[in-house]
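Novice: Can you read through this structure? Questions will come right after.
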Amino acid sequence: MSSDAEMAIFGEAAPYLRKPEKERIEAQNRPFDSKKACFAMDDKEMYVKGMIQSRENDKVTVKTLDDRTLTLNSDQVFPMNPPKFDKIEDMAMMTHLHEPAVLYNLKERYAAWMIYTYSGLFCVTVNPYKWLPVYNPEVVTAYRGKKRQEAPPHIFSISDNAYQFMLTDRDNQSILITGESGAGKTVNTKRVIQYFATIAVTGEKKKEQQPGKMQGTLEDQIIQANPLLEAFGNAKTVRNDNSSRFGKFIRIHFGATGKLASADIETYLLEKSRVTFQLSSERSYHIFYQILSNKKPELIDLLLISTNPFDFPFVSQGEVTVASINDSEELLATDNAIDILGFSSEEKVGIYKLTGAVMHYGNMKFKQKQREEQAEPDGTEVADKAGYLMGLNSAEMLKGLCCPRVKVGNEYVTKGQNVQQVTNSVGALAKAVYEKMFLWMVTRINQQLDTKQPRQYFIGVLDIAGFEIFDFNSLEQLCINFTNEKLQQFFNHHMFVLEQEEYKKEGIEWEFIDFGMDLAACIELIEKPMGIFSILEEECMFPKATDTSFKNKLYDQHLGKSNNFQKPKPAKGKAEAHFSLVHYAGTVDYNIAGWLDKNKDPLNETVVGLYQKSSLKLLSFLFSNYAGAEAGDSGGSKKGGKKKGSSFQTVSAVFRENLNKLMTNLRSTHPHFVRCLIPNETKTPGVMDHYLVMHQLRCNGVLEGIRICRKGFPSRILYADFKQRYRILNASAIPEGQFIDSKNASEKLLSSIDVDREQYRFGHTKVFFKAGLLGLLEEMRDEKLVTLMTRTQAICRGYLMRVEFKKMMERRESIFCIQYNIRSFMNVKHWPWMNLFFKIKPLLKSAEAEREMATMKEDFERAKEELARSEARRKELEEKMVSLLQEKNDLQLQVQSETENLIDAEERCEGLIKSKIQLEAKVKELNERLEEEEEVNSDLVAKKRSLEDKCSSLKRDIDDLELTLTKVEKEKHATENKVKNLSEEMTALEENISKLTKEKKSLQEAHQQALDDLQVEEDKVNGLIKINVKLEQQTDDLEGSLEQEKKLRADLERIKKKLEGDLKLSQESIMDLENDKQQVEEKLKKKEFEISQLQTKIDDEQVHSLQLQKKIKELQARIEELEEEIEAERASRAKAEKQRSDLSRELEEISERLEEASGVTSAQVEMNKKREAEFQKLRRDLEEATLQHEATTAALRKKHADSVAELGEQIDNLQRVKQKLEKEKSELKMEIDDLASNIETVSKSKSNVERMCRTVEDQFNEIKAKDDQQTQLIHDLNMQKARLQTQNGELSHQLEEKESLISQLTKGKQALTQQLEELKRQLEEETKAKNALAHALQSSRHDCDLLREQYEEEQEGKAELQRALSKANSEVAQWRTKYETDAIQRTEELEEAKKKLAQRLQEAEENTEAVSSKCASLEKTKQRLQGEVDDLMLDLERTSTARAILDRKQRDLDKVLAEWKQKLDGSQAELEAAQKGSRSLSTEIFKMQNAYEEVVDQLETLRRENKNLQEEISDLTEQIAETGKHLQEVEKSKKQVEQEKSDLQVALEEVEASGSLEHEESKILRVQLELSQVKSELDRRVTEKDEEIEQLKRNSQRAAEAMQSMLDAEIRSRNDALRLKKKMEGDLNELEIQLGHSSRQVAETQKHLRTVQGQLKDSQLHLDDALRSNEDLKEQLAIVERRNGLLLEELEEMKAALEQTERTRRLSEQELLDASDRVQLLHSQNTSLINTKKKLEVDIAQCQAEVENSLQESRNAEEKAKKAITDAAMMAEELKKEQDTSAHLERMKKNLEQTVKDLQHRLDEAEQLALKGGKKQIQKLEARVRELESELDAEQKRGAEALKGAHKYERKVKELTYQAEEDRKNILRLQDLVDKLQAKVKAYKRQAEEAEEQANTQMSKCRRVQHELEEAEERADIAESQVNKLRAKSRDVGAQKMEE
């Protein structure tokens, strides 16, 4: 567990992820009684903590923490884990695994806000209901690249593990985030996406933003997709404020390097019913309330809405605000996400408009018409707003809602709707618009996230709506809960089955327990054939089905038969329920009201048609692919045998299909599970409801995991780890000094400990423990450590005290010695002779000391050099060791990948074998068909024979008829007429026969064409098979190279094991590895542990080397001190030289005195001898030390040489193993070639069978030709038979025969049509097989690319190792040169020192001469050895140069081969791409031609319509002009009236007093009012006409736009051709990349050569070591000789390889020629494609000219149509005539039959008369017969001529019928156009008539007004005259008054 310092990288999140170190220490030191601490069951809190007070029998008394005393059964009390397991991060590591331990661990971690906890393989998270700082950027950085055990539990850790697994295992991953609604799934999903977007950034430069667009990077877009989907797909529910009301599976795609490549989102089951209905405590989707928040006021104005949610019933049925959500800020985030995701401004406005329109839909009101069932709109204001936002005509929309058009049979009728039906229809349309808009947004986001970058793997994140139990549960809840049921079953199967499979894999005895089947009953109840969904879909098929019938069927089928289906028992006050299902998470009551309508999801097709024509592009696009009942009917009539179209799929069927796809995706990935828990129902932070959490734990499978832990062995440790950790429990069980396998050691260790054998099991690689045993072993280990530490401390203390005592004693003895010596010295200190001795002694010993110093210095320098060399060798070996370890690891990874590739290859081989079996089955079927054809042929031969028999019988009949001709003299004319009629009938029958034969021939030709097409497809399949074989050969080559790498890896394994000193055991492990994969894994892990031990040893050696380096430094310092002393000694020596001469004189004087005092000096001489003996002893010790040092160095050299020899032997062994494996590889290749030859033989046999089929068909055609000849013969016989028409009975017999022949031919025709259908079916099967082969080819190419990438990575790693080795060799060379230069310098210094010593010390001349002679002899031996070494080096250099030349040639050849192979592959790929492109271009050309013809037809119709419209416009303009003129006249009359009115007003002002004026004024006002009404009416009519003209203009504009869109389509096709060209250029770039790969392979071979050179350099180093020792030199010479032998063998092998490469070079040159031919072919095809492209462009340019030509052709076609109509009329008349003649012939036939009978009777009478009449009568009759015969011949000639004329006429009739058919088609097409135009003309005429009627009414009104105006004028004149009269009277009266 990490320390606080290590947790500092997590920043402020550290305390929320792992408990601090202080708390951990306190927990470990806390007093704990494991026998008393427990958990007890409690009714209130489920489980409580307590202490056991007592136990009696099966009863336990427990005292809880709140001072309660409980008496419980023993099975209700559970032991508590030690304190160190408190808040443990992985609950599977607990000592005691049970429910209360899991519950309290989660609770305590939740109380500390550690919301993530591991539970074995998956992670459990608890919703905190508050923000925690655990998702900050520093946390993301801290978790990056961390293993699971290295960091605390977190969703980031799960994500990073999935990412690392994806990169290492090269497998797709998935993260399944499941839990109940409100558990925090959506938040965790966002965090996972945040993590991937942060750690796997693409690394590309940001794209330049387009003006007007704010488009982010791929990471930003992936992150911003979530807010947008949440706004439109999340809503507040009872349990969750931000509940996802749809499921999503987000796939994040990565490239081969782990960088983000792209992403896509799949959504499931959007809850669209929430758009129109919410419960009281819920609300609709967030986007509605975000818009209403008024954060963007422009949206309020744009959508014509208010800011009050209660104004819109669709969004205000529940709550409208959520405390935890700021709708204003969320709106800005949503708007920003739309911009970042690249939506255009038009699309953005369309989204908002449709959202506002959905809100307006809820305000639309309808009412019932009086006395009718019909509904009508209650106001149109809301509909106008909705229509404006959706780009619709509101009146048409309301009409479509109230009176939709329904198809009844083949006609459309208008159906009346009541208010409820209209309301339901409005809600369904609102839901459909919202759902389709949401799905379109998802598709649009996927388009934006698809960057077209290469992607290798993906990580899928699943966020599905959680399990839901509401008061009212409908179909949506059933689908959601069923999804969770399936996911839970997947989880159970994956977690528990894998756990048990590991037991079986490890070889543990285990009875398999299937936990995954616990949910099968509920799943089958829902989805089985007679399950709930099946019954629901069946009911939807019946038109009269109701919810009640659906419920009754459910009860009949499941009630009482399935335990999971129950009758509900709803509590009072809750919603009604119809049935209950027992899910894994609880029992749910479902209400089936409206399920049938929800499942069928019907829409008002009339309104949908308006949507398709909407001016809002987004809305029209959403419903462009909608197919209603009409489309369904038409589709059904065409393809009645197929399934219903997608538009007829029910909601449940679509849901199940998507769910099955999801489960398939999940099964193909490696899943990682995250289980989200709800702590409480009140959303209170920090509070945990025990019952609720336990219910979820039981449902989510956490407790099942505990159950399998109880039964199984949850704790497991590798054998090596167990041995290392628990060896302390009984060290004597594992003997020291000898190697013992970790498994055996673990078995011995456990058997020696007092542990129950049932508590553990031994696997192949691990030891498994029951729950709790590992904790017991830990306690035993702690106790053992305590005792050992106590004992060790006592021993250490005793040892330290003994050392201290020993030092004290040594100090005491040394003090005594010093005291004695000082006393003795003080006694002789002042003795004269002592002074003399002090002076002479240094002089005597100085020369000898100098010699000793020189020798010591030489020895020191030599030892120093040897130490440096040994250090260099040690470092080199260490580097080699590291490189070998690295290569071993790389090869292990490569072996894993190779085994996977081998498995893939085996699977592909099995697939080929299966395809072979299928081909054999097809061959068998063809043989059976051949037999059937032979049977048909035999039947035809039999029929032919029967016809021949019939012909012979007819001939006989004809002979009989010729005999009877002489007897029909009197009835000649009648018989001739009858013969003519019958001959015409026969010709008609023969024509029918000829028609049937022609049809038969046409069917045979179609049959032959189908067979030819089948042959072509089979040839294509054979070509694909050959290509597949080539690719498989390439993959075999790659696999061979990878197998070589495997061999190298195995060899390196053996080298490593030899270095470890256990070669025999390693070889056995290798054999086990080849026999058993599981043992391989165990041995690998064991060896990895041993490698770690070796690594520790190497570390120890490094530490030792550091110590030696320190000693070397100390010795260097000592040497410097000694050199300083030598310098001081030299100075003193110079002084001594001066004093020597003085002393020599004094010596002569003293010698005389010494002779006198010889007795005194004898004691002194003895002392000198003693001192010399001591000095000699010290010298001997020094020499022994130097000899010992040399011996150790020699031993080290010998050991190193032995190790090198062993390595050489190992390399030899590896070479032999490599050869053996290459032989095996060649054998495998031979087997593969055999398989390929078998496949070729099968294909050849298939072609032979097809050839036989063709020959049989040729025979069949020949037989048919013969049959035709026979029919011709029959025709001739029938012509002969026409002469003899007197025998009615035989004629009728022939007619019957003809009818039977016709029936047989029709049967044959039916058989041929059946064969044709069978051939078509086979052709479809062949195309499917071809597609499957193409898919397999694509997958094999993909595998090949993967293998190539792996090979390149391995080669790069190998290159790095080679670079490291070359670096080490260069360092060795540097050391060698340094050593040689240092040696030369030091020899020169020695010679100078020797000269100085010779000059200064004459006494040492003899010694120096001896030393010099010795040095000379050593120099001679050195030179001799150096010469031998040089010779050997020359030999080695020659061999190495030869080998280098051969290697270089080999590399060049390999490079050429690789280049040409790659070019060949690239050319093949280019050829295939070009062929595909040519085929696609041909199809596009064909499509363009068809489109062109359609455009011509449309243009022709549009021109005619345009012409008609222009004529109508001209008519309308004339009418408008006339009305304008009329208006001008009215205006003039109006002005006149106004003028007169003004005059009248002036007159009226004068006579206001008069009462009659008021009456006149009222009349005038009425006149003015009528005039204004007339004017307004005329203005309105004019505006309506203007609008109609505008509408016509818009229609013509739309037609022009349609033409423009077609031209745009042509431009797009041209762009597609350019894109194809770019794709081909990209293929060329890929070929260049492959060329680069081949160059890298060449570099890798060069690196291999460098390794060989490195080995040669190693041999040179061994030769250098031989200079220092004669024995070492001999051994190394022997090694070099052996190596030379090996090199000679290798040279021979290289020569053989050179010959082989020469052969391969010739083959490659031939392949090069073929490839160049193919390249030229591709180039020519490319140029032809470019030419075709130019031609297409020219054709497009000529389209406009051809359009005008087509107009002329259309006029000609009209004339032809008229002619065809007349011809058709004539043909109809002729047909009628022919029918009349046939009826007449029928009547004649009946008459002839009667006359034949009469003639027969008369003939009999004539025969009797002839017998009686005699010879004269016979002669007369004979003459008469002759005349009749001549007349008959003439009549036959005339009949033949008539037949010829009839045939000619028939041919003419056929030609006319064919032309009439073509003309009829043209006429029909023209008639359709005419009908359309006539309908339009009628409409326009109707409008014109209405306009004329209105104009007439206006004119009548105008005339009436004019008439009234004239009357008013007359009245005004009368009034004026009266006024004048009154004025005159008034003047008279005034005059009279004046006069008076």
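In case you wondered, yes, glycine gets a Cβ from its N, Cα and C as well.
OK, Swiss-Prot features for this one:
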{"type": "BINDING", "residues": "GLY179, GLU180, SER181, GLY182, ALA183, GLY184, LYS185, THR186", "note": "ATP binding site"}
{"type": "COILED", "residues": "843-1940", "note": "coiled coil"}
{"type": "DOMAIN", "residues": "33-82", "note": "domain 'Myosin N-terminal SH3-like'"}
{"type": "MOD_RES", "residues": "LYS130", "note": "N6,N6,N6-trimethyllysine"}
{"type": "REGION", "residues": "659-681", "note": "region 'Actin-binding'"}
{"type": "REGION", "residues": "761-775", "note": "region 'Actin-binding'"}
{"type": "REGION", "residues": "1886-1940", "note": "region 'Disordered'"}
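Mind mapping these onto the model and telling me what they sit next to?
Specialist: On its own chain, GLY184 (ATP binding site) has THR125, ASN127, CYS676 as residues at least 6 apart in sequence with a Cβ closer than 8 Å to its own Cβ.
Proximity of LYS130 (N6,N6,N6-trimethyllysine) to non-local residues of its own chain (separation of 6 or more, Cβ distance below 8 Å) is seen for PRO685, given in sequence order. According to DSSP, LYS130 (N6,N6,N6-trimethyllysine) sits in a coil region rather than a helix or strand.
A mean pLDDT of 91 is what the model gives for the region 'Actin-binding' (659-681).
According to DSSP, the region 'Actin-binding' (761-775) comprises 3 helix, 6 strand, 6 coil.
Per-class residue totals from DSSP over the region 'Disordered' (1886-1940), listed helix then strand then coil: 54 helix, 0 strand, 1 coil.
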Novice: Just how many other Cβ atoms lie inside 10 Å of the Cβ on GLU180 (ATP binding site)?
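Specialist: Result for GLU180 (ATP binding site): 25 neighbouring Cβ atoms inside 10 Å.
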Novice: Through the lens of DSSP with three states only, how would you label LYS185 (ATP binding site)?
Specialist: helix
Novice: DSSP-wise, what's the residue breakdown of the region 'Actin-binding' (659-681) into helix, strand and coil?
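Specialist: Each residue of the region 'Actin-binding' (659-681) counted once, the result is 9 helix, 8 strand, 6 coil.
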Novice: Restricting to the same chain and to sequence separations of six or more, state which residues have a Cβ under 8 Å from that of ALA183 (ATP binding site).
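Specialist: Expected: ASN127, GLY466, CYS676, LEU677, ILE678, GLN696.
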Novice: Given the recorded ATP site (GLY179, GLU180, SER181, GLY182, ALA183, GLY184, LYS185, THR186), which additional residues of the same chain have their Cβ within 8 Å of the Cβ centre, ordered by sequence?
Specialist: ASN127, ASN240, SER243, GLY466, CYS676, ILE678
Novice: Enter the number of other CB atoms within 10 angstroms of the CB of SER181 (ATP binding site).
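Specialist: Counting Cβ neighbours of SER181 (ATP binding site) within 10 Å gives 22.
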Novice: Rank the binding-site residues GLY179, GLY182 by the number of other Cβ atoms within 10 Å of each Cβ and report the first-ranked residue.
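Specialist: Answer by Cβ density within 10 Å: GLY179.
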Novice: Kindly report the helix/strand/coil residue split of the domain 'Myosin N-terminal SH3-like' (33-82) according to DSSP, in that order.
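Specialist: Residue counts in helix, strand and coil order: 3 helix, 31 strand, 16 coil.
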Novice: Report, as a single number, how many Cβ atoms besides its own are within 10 Å of the Cβ of LYS185 (ATP binding site).
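Specialist: Other Cβ atoms found within 10 Å: 27.
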